[in-house]
Amino acid sequence: MKGVGKPYENSHTSFLLVFFVLTLFSPAFSINTLSSIESLKISNSRTLVSPGNVLELGFFRTPSSSRWYLGMWYKKLSERTYVWVANRDNPLSCSIGTLKISNMNLVLLDHSNKSLWSTNHTRGNERSPVVAELLANGNFVLRDSNKNDRSGFLWQSFDYPTDTLLPEMKLGYDLRTGLNRFLTSWRSSDDPSSGDFSYKLQTRRLPEFYLFKDDFLVHRSGPWNGVGFSGMPEDQKLSYMVYNFTQNSEEVAYTFLMTNNSIYSRLTISSSGYFERLTWTPSSGMWNVFWSSPEDFQCDVYKICGAYSYCDVNTSPVCNCIQRFDPSNVQEWGLRAWSGGCRRRTRLSCSGDGFTRMKKMKLPETTMAIVDRSIGLKECEKRCLSDCNCTAFANADIRNGGTGCVIWTGQLEDIRTYFANGQDLYVRLAPADLV
């Protein structure tokens, strides 16, 4: 028939036209990015994978639960290990969920299009498109699509950790924004909702980390002494890891870096209340616990021995009065009720006082201490002697022979001794007790 082409010719032409249009106008697909016209859905099982194929972001559910979460895990390990969960306390109730970009924010929608989680940021240029990207270090960021560096970040998952600290993540305060980055345990090994334990930085005087069970302080790390935290001597330098603690006008934060990126290591607060360093062992296909804190529930329990006493796992009982101090209540002390602590045999005279040196110690709690990083140990001793309220002193930094000064003017609490590491603490004594 004139003017009518063969059916297969029209079909072939239409197919080529559709293919050309889709190729020309469809967004460029990248395995680690999500554009404003793309989405992640439980139904399509799409995930984002970091460059290097180390970490993967997508939807998951735990074996015993029907609830769904948006989270991140190690991609290539035989043991599924989650390192971040977006909606840990607001899970999807069924297998219908969508992550997309809306109004310059990442939004997680449930089966009724109700928002269960959002980045909820308010800054940015509305005329500039945004993109979500999973970076090589595991940081999931929402950024200006025209800026690939940190200046373009509108939001980042590194600012909102769950129970895990990855290399390059920071634990502590951003003083410019007031943001406090801390870890909170899972409710159980099979439930990612917020659990009982949290690990937070306190920044008064000499910063250190506190482990809380709900609102109760159960352990403290001891202050950073330039090498590590004085109450965590197990966390020593490894050839493939660099530790850093920053304290300046912009931030007070701890981080660690890997010098060998083929090794996977992380810090985690477990559902049972342990802060742990874990490193993956390929030969065994398991996470190896390098150290765990609290190390023991004798000497690592907060203030177990009371004021002016110290804990030593190698003595019986474990609580001991500082040299030239005696139990405040001898009867209770004999019953191993140590919370009353110890008291001086001789009151300080403020003239002719001296010091006893305690080696390999976890420094006392520092929230009321006085810190001066500009002077050394000798000047620190003089300053302590010139203050009748001074009860002890120590170096703030133990590197290069010791620098800086920490002075205590109140009771000395939560002290313990170690077989190795720790640092020197100088406790003030009256002249009669120096013999």
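Here the Cβ of each residue, glycine as well, is placed from N, Cα and C on the backbone.
What Swiss-Prot lists as signal peptide is 1-30, and the listing cites sequence analysis.
Residues annotated as domain 'Bulb-type lectin' in Swiss-Prot, with sequence analysis given as evidence: 33-155.
A C-beta separation below 8 Å, combined with a sequence spacing of at least six in one chain, links Asn113 (N-linked glycosylation site) to none of the other residues. According to Swiss-Prot, the N-linked glycosylation site annotation covers Asn113 (among others), on the basis of sequence analysis.
Feature annotation from Swiss-Prot assigns N-linked glycosylation site to Asn120 (among others); the stated evidence is sequence analysis. In three-state terms derived from DSSP, Asn120 (N-linked glycosylation site) belongs to neither a helical nor a strand segment and is classed as coil.
Under the heading N-linked glycosylation site, Swiss-Prot lists Asn244 (among others). The Cβ of Asn244 (N-linked glycosylation site) lies under 8 Å from the Cβ of Tyr254, Thr255, Phe256, Leu257, each of which sits 6+ residues away along the same chain.
Look at Swiss-Prot and you will find Asn260 (among others) tagged as N-linked glycosylation site. The Cβ of Asn260 (N-linked glycosylation site) has Ser239, Tyr240 as same-chain neighbours under 8 Å, each 6 or more residues away in sequence. Mapped onto three states, the DSSP output places Asn260 (N-linked glycosylation site) in coil.
The domain 'PAN' annotation in Swiss-Prot covers 350-430, and the record cites sequence analysis as its basis. The predicted model assigns the domain 'PAN' (350-430) a mean pLDDT of 96.
DSSP assigns Cys405 (disulfide bond) to a strand. Residues or ranges marked as disulfide bond by Swiss-Prot: Cys380-Cys405 (among others).
If you draw a 10 Å sphere around the CB of Cys390 (disulfide bond), it holds 21 other CB atoms from the protein chains shown. The disulfide bond annotation in Swiss-Prot covers Cys388-Cys390 (among others), and the record cites similarity to another entry as its basis.
Annotation source Swiss-Prot lists N-linked glycosylation site at Asn389 (among others), citing sequence analysis. All protein chains shown were included, and the count of other CB atoms within 10 Å of the CB of Asn389 (N-linked glycosylation site) stands at 13.
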**Item:** Length of the line joining the Cα atoms of Cys390 (disulfide bond) and Cys405 (disulfide bond), in Å
**Value:** 12
**Message:** Using the alpha carbons only, what distance in Å do you get between Cys380 (disulfide bond) and Asn120 (N-linked glycosylation site) once rounded?
**Reply:** 48
**Fill in**
Filtered by Cβ under 8 Å and at least 6 apart in sequence, the residues in the chain of Cys405 (disulfide bond) near it are Val371, Asp372, Arg373, Ile375, Gly376, Leu377, Glu379, Cys380, Arg383, Phe393, Ala394, Asn395, Ala396
**Request:** Could you break down the residues of the domain 'PAN' (350-430) into DSSP helix, strand and coil, giving a count for each?
**Result:** 12 helix, 31 strand, 38 coil
**Request:** Name, in the order they occur in the sequence, the residues of the same chain whose CB lies under 8 A from the CB of Asn120 (N-linked glycosylation site) and which sit 6 or more residues away.
**Result:** Asn105
**Prompt:** Under DSSP, the domain 'Bulb-type lectin' (33-155) has how many residues in helix, strand and coil?
**Reply:** 3 helix, 52 strand, 68 coil
